[in-house]
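Here is the structure we will look at.
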Amino acid sequence: MPEHLELQHLVELSVGSDETLPNLLENKRPLVKRCPYLGLLLATLSSLFFSLCSVIVKSLVNIHPIQLAMFRFIGVFLPTVPIVIYTEKPIFPQGKRILLILRSIVGTVGLMLSFYAFRNMPLADASVIVFSVPVFVALFARVFLKEPCGVWNTISIVLTLVGVILITHPPFIFGKEEVVVNQNYNSLWGAVAAFVSTIFGANAYVLLRVLKGLHFSVIMTNFGAIAIVQTLFCSFLFGILCMPNCGTERVLVVCLALFSYLGQILLTMSLQMEQAGPVAIARSADIVFAFLWQVLFFDEIPNKYSIGGAVLVLCSVFLVGLRKWALALPAESQLRKMLGVLAQ
């Protein structure tokens, strides 16, 4: 699963449940004088950097997506090593090792599949499907953790599935209507990869909930290290390991790792300033950026199905974010009363 979609939960789970995080962070807010909307601005900038990572993945056509995933994991792993050393946490704690390995494998497969989707689908379409990961968490949490899946979660899942169907535009539903597609795309397998990546990503969230007692730096260090080994092995297995060409390719590879790191740092800072719900809504800017880059960099105009599907997925993400925000507010809060049934 793409790490920018899970870092929010890593930070939350390292201190406790979603409901306790705002209270813990609230105690620190008076110590810092800042713009009231700085946290949301940082979350939006985080979306900008992560969306630029998608552009780089799509642009580097001479480097296989699996190898690009390896470079990105290097950018994730190296900055977290000093953090885990500073915190003096056990890097590979007993009793959690199998879960850490499983979580890393699931997350790595999810990210590799999302990179494949970016390469073989219009950027905006792939981004919308991949970004819908949090919506499916409730479904898998219900299956594996026996957590309740209420009516609002069900509505979000239905909206997302309809949106994904509109974006992928399967012929057995819409017929063989001609849609202008880049000849280099393998849209069918790209759509399959994007959707399967959301399944792996949602299960990565579930595993993170099981690992909620561990500090986020321990989880990210294990994730980065195991992912590098996994992607390196896959690169050898498929014979795709190669050095990027001198010049632009190497610069873009470095930018991929750097933008991943900057996106994560900005997202972490935004979560230290804002509650998780508003940050999740601000992160929806990722989809808007994806549509913008698709037109500017790749000269691909989204069709009516892509736009309609994106609107439905955005609505579902907004619904999840608003409900998360409402549930985190104090019971006597006027804002919680304004959000009404979402807080029930």
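The backbone N, Cα and C atoms fix where each Cβ goes, and this holds for glycine too.
No curator has checked TrEMBL annotations; they are predicted automatically.
As the structure is a computational prediction, the values presented were derived from the model and not from experiment.
As recorded in TrEMBL, the features of this protein are as follows:
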TRANSMEM  37-57  transmembrane segment
DOMAIN    38-168  domain 'EamA'
TRANSMEM  69-86  transmembrane segment
TRANSMEM  98-118  transmembrane segment
TRANSMEM  124-144  transmembrane segment
TRANSMEM  151-168  transmembrane segment
TRANSMEM  188-208  transmembrane segment
DOMAIN    189-321  domain 'EamA'
TRANSMEM  220-239  transmembrane segment
TRANSMEM  251-268  transmembrane segment
TRANSMEM  280-298  transmembrane segment
TRANSMEM  304-322  transmembrane segment
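Per DSSP, the domain 'EamA' (38-168) is made up of 108 helix, 0 strand, 23 coil. Long-range neighbours of the transmembrane segment (151-168) within the same chain, counting only residues 6 or more positions beyond its ends whose Cβ lies under 8 Å from a Cβ of the stretch, are 125, 128-129, 132, 135-136, 138-139, 191, 195, 305-306, 308-313, 315-317, 319-320, 323, 342.
Only residues 6 or more beyond the boundaries of the transmembrane segment (98-118), in the same chain, are considered here, and those with a CB under 8 A from a CB of the stretch are 1-3, 6, 54, 57-58, 65-66, 68-69, 72-73, 92, 126-127, 129-130, 189-191, 193-194, 196-201, 203-204, 207-208, 210-211, 219, 222-223, 225-227, 230-231, 234. Proximity of the transmembrane segment (37-57) to the transmembrane segment (220-239) is not established, fewer than 3 Cβ-Cβ distances being under 8 Å for residue pairs spaced 6 or more apart. Counting Cβ pairs closer than 8 Å to the transmembrane segment (280-298), the top stretch among 69-86, 124-144, 188-208, 251-268 is 124-144.
Per-residue pLDDT, averaged over the domain 'EamA' (189-321), rounds to 84.
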